[in-house]
Amino acid sequence: MYENNKTLYLPYAGPTLLENALLNKGSAFSPEERQNFSLMGLLPAAIESITEQEERAYSQYQTFNDDMDKHIYLRNIQDTNETLYYRLIDNHIEEMMPIIYTPTVGAACEQFSNIYRRGRGLFLGYPDKGNIVDILNNAARQDVKIIVITDGERILGLGDQGIGGMGIPIGKLALYTACGGINPANTLPIVLDVGTNNTQLLSDPMYMGWRHPRITGQEYDDFVEEFIQAVKSRWPNALIQFEDFAQKNAMPLLNRYKDKVCCFNDDIQGTAAVTVGSLLAACKAAGSELSEQRITFVGAGSAGCGIAEAIVAQMIAEGLSDSAARARIFMVDRWGLLTDNMQNLLDFQQKLAQKSATVSQWNETGNISLLDVVSNGKPTVLIGVPGLFSQEVIMEMHAHCKRPIVLPLSNPTSRVEATPSDIIRWTEGDALIATGSPFDPVIFNEKTYPIAQCNNSYIFPGIGLGVLASGATRVTDEMLMESSRVLAECSPLAQNGNGALLPPLKDIHQVSHCIALAVAKKAVEQNKAPQRTEKQLLEKIESYFWKPEYLKYKRTAL
């Protein structure tokens with residue numbers, strides 16, 4: 001009946017036990033448990049295994065044709081029986097990943113108030129400032145080890161979604177568990193409800209958030225500071241992941257807190273790590289080094305610049321000087337190529353701007369366009385976060401680069417710069433591609449091209465597992481670089497010349513294990529974690545890796 005012989009002693013019984021999603025087993029409660037936990041008559045007579053339950057749940061799932069309906073159905077299982085939820089995802093991860101996260105989660109965030117069923121996590125409203133410590137004590141889960149937090153201002157490519165952004169922390173933490181084996185009992189999604197500037201939400205009678213323009217400036221900073229201090233007091237060893245903060249706040253918050261608490265920003269650092277991992281794999285498949293590439297970005301926000309800085313760091317590790325590495329990076333935004341004579345560049349953009357004297361001849365009549373950059377700079381890599389890749393741009397790139405590396409990273413799918421089928425057709429099948437959203441394999445000239453999804457889920461679950469297992473107190477740039485290196489080593493295309501740039505999702509547990517070990521070892525090496533041998537770290541990682549299995553229950557007094 002039970003795959004795990006461990007016994008759990010519980011004081012809960014009756015409806016209270018059935019309503020606890022972490023403990024509920026539904027029809028899998030044994031006759032003895034039904035008797036001892038006052039469940040007699042509360043469940044149908046059949047005693048089922050989790051395998052039988054999973055088969056029924058999947059059969060029900062298949063009756064839905066609409067992705068949003070599938071998302072709502074899975075979220076309902078998550079809120080009633082988390083063990084079954086993760087068993088279902090484990091067995092169908094490639095099919096269900098796009099449903100529980102991108103691209104479907106984007107629509108779920110937009111419709112959050114309309115599809116709301118029950119609360120999950122914490123909603124920290126600005127009117128509650130001064131009481132955040134007390135609110136954290138209200139959390140249903142007390143042993144919190146990983147927090148994902150958003151303020152809902154920049155949700156995917158969809159902009160300000162207010163508290164609808166809560167769908168992102170919920171989805172990200174589901175992937176921490178499904179991909180990285182983090183016990184769901186140790187996770188907590190949080191949204192900072194500081195208002196919204198989305199007029200549609202403010203006028204929507206169904207909107208469930210605080211109806212107020214967004215708090216900004218010092219008031220905003222003070223509210224975030226109160227949250228950070230409250231977490232340090234309540235869960236001093238928790239890992240905090242910042243998620244989908246607007247550009248004006250994302251980098252400043254990361255810089256303010258990265259050396260004070262164990263935290264990272266997935267949009268900046270996680271996206272950078274998975275992108276560098278994809279590039280390292282592509283370079284290996286093409287028989288070159290990353291330091292040999294010339295890289296153009298379409299989009300010069302915090303995410304794009306974060307990726308660029310990670311690439312610079314890797315190029316330096318391969319032997320280039322800082323200036324030589326930066327000379328190979330071309331950042332293009334809606335005004336054209338970023339150059340050092342432009343006004344109003346943000347701090348993180350200034351370091352990546354090209355010297356105007358070097359590129360002034362590329363367009364003497366105005367701003368330097370993407371096509372100008374491709375024609376004159378002759379990039380071998382094109383990355384969009386987000387942007388627009390036209391046929392003319394891709395074909396011009398292919399004219400001087402036999403195997404161009406093209407990464408259209410925008411999500412959800414509706415926002416992608418160019419589809420893989422177009423890119424493959426425009427390059428006669430020569431392009432190496434990884435996308436931000438999932439795409440089916442492309443058939444061109446009777447050959448099938450699997451499309452890798454450059455998804456942060458390859459990175460952050462392993463980072464979380466490595467941080468928890470090692471007891472790391474910080475997330476360093478070197479730990480993130482290790483995760484990129486390990487991901488590249490897992491690439492099927494780099495290993496044998498066949499397959500996608502990144503490993504299939506069915507192998508995600510193995511990938512997360514490998515990344516976790518590399519991250520943990522680097523944390524120990526940098527004295528950010530207690531000294532442990534590799535064997536001890538492996539044992540820790542295995543002990544932290546939660547599996548969706550039912551345990552035996554014994555009743556104990558309150």
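Using N, Cα and C of the backbone, Cβ positions are placed for all residues, glycine too.
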Q.
Among Asp221, Asp222, Asp267, which residue shares the divalent metal cation site with Glu243, Asp244 according to Swiss-Prot?
A. Asp267
**Q.** Asp267, Asn411 bind NAD(+) per Swiss-Prot; candidate in Arg141, Arg154, Arg532 listed for that same site
**A.** Arg154
**Q.** Structural state of Asp267 (NAD(+) binding site), classified by DSSP into three states
**A.** helix
Q: Could you check what DSSP calls Arg154 (NAD(+) binding site) once collapsed to helix, strand or coil?
A: coil
Q) Given that the record lists Arg154, Asp267, Asn411 as binding NAD(+), what is the largest C-alpha to C-alpha distance among them, in Å? A) 12
Q.
Just to be sure I understand: of Arg154, Asp244, Asp267, Asn411, which binding-site residues have a C-alpha no more than 10 angstroms from the C-alpha of Lys172 (active site, proton acceptor)?
A. none
(Q) My understanding is the cutoff is Cβ-Cβ under 8 Å with a sequence separation of 6 or more in the same chain; which residues meet that for Asp267 (NAD(+) binding site)? (A) Arg154, Phe242, Glu243, Asp244, Phe245, Ala250, Ser302, Ala303, Gly306
Q) For Tyr101 (active site, proton donor), which residues of its chain lie six or more apart in sequence with Cβ-Cβ distance below 8 Å? A) Gly171, Lys172, Ala174, Leu175, Ser457
